[in-house]
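Engineer: Below are the features listed in TrEMBL for this protein:
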type	residues	note
BINDING	S61, N113, E158, N165, Y189, Y241, V259	substrate binding site
Amino acid sequence: MQFLLSELISRNRYWTSFGHVATYIPELKNAGPDALGIAVVDTDGKIHKAGDYDTKFTIQSVSKPITLMLALMDYGPEYVFEKVGMEPTGDPFNSMRKLETINPSRPLNPMINAGAIAVASLIKGKDNQEKMDRILDLFRKLSRNPLLNINESVYLSEKKTGDRNRAMAYFLRDVGVIEGNVEEILDLYFMQCSIEVTCEDMAHMGMFLANHGCIQGTGEQYVPKHITQIAKTFMVTCGMYDASGEFAIQVGIPAKSGVGGGIMCAVPNKMGIGVVGPALDKKGNSIAGVRMLQDLSKELNLSIF
Ligand SMILES: NC(=O)CC[C@H](N)C(=O)O
């Protein structure tokens, strides 16, 4: 495995030169454009790493399936899916055009920004501090990393420049999808996106999903199985934004990407994979990371289809 991962890094690193790091959140432009790293956790808890696996990056949209699970535990699927739909959009992650044309008006799914903002509004807690503590607790548990924390400068950078998300959030309150203080809800969303991780953290999170919500080693059922199933299904249908169909064909693994360059994958009953590669393709997915996962899936026959 170790040899294979190192080989995949060398084979795919040149793809990084065809992508660009995200700059619409100004602080993200400091990421190393040619970094590429991978971590794989198997069912025995063994971890294999190669390339720039210790690169730190912000989780961004990879946080969306995880906070969705928290909202589903807080409110149950029926209530959550009154606020946010279950269908792919075929549009970019930050698109707002279908928000108004869908009747009744609500975000099409929880993996696009509008949907994730609606989900953030459903996290329980007496104030934002308590809500963020609950989010961080969950991420720390799933990543097996008690030190996970927010990257303050990325958080402040997005808070300062996130007007598109701000516009969508105010629209969502107007149509009754979210209630309460919009700026506080956005703040929680920006903080959740700014959690700083490595691909090893994401591999553990992927393994947790691959393990149907059980903590590896102890066997503790930390999140109900049916909730992890919902999260993984969204990862298949919408996890790679408007490239999810192509990714399902080429790779065939439930996965979620983020504009920090991360991709978290859950291969059911087999492994969790975390990839980092901040140079993104046109749709906002790690350009070399996707290529590397294609190769890994073929080499190890990982497609779930
Ligand atoms: N695709 C992403 O990773 C987007 C997350 C980012 N925080 C945003 O809201 O724009």
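Glycine residues also receive a Cβ, built from the backbone N, Cα and C atoms like all the rest.
Automated prediction, rather than curation, is the source of TrEMBL annotations.
Burial and contacts for the listed features, if you can.
Structural biologist: In the three-state DSSP scheme, V259 (substrate binding site) is classed as coil.
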Engineer: Across all the protein chains here, work out how many other Cβ atoms are within 10 Å of the Cβ of S61 (substrate binding site).
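Structural biologist: The Cβ of S61 (substrate binding site) has 26 Cβ neighbours within 10 Å.
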Engineer: How many Å separate the two farthest-apart Cα atoms among the substrate-binding residues S61, N113, E158, N165, Y189, Y241, V259?
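Structural biologist: The span, Cα to Cα at its widest, is 20 Å.
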Engineer: Taking the Cβ of Y189 (substrate binding site) as the centre, how many other Cβ atoms fall within a 10 Å radius?
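Structural biologist: A 10 Å sphere around the Cβ of Y189 (substrate binding site) contains 26 other Cβ atoms.
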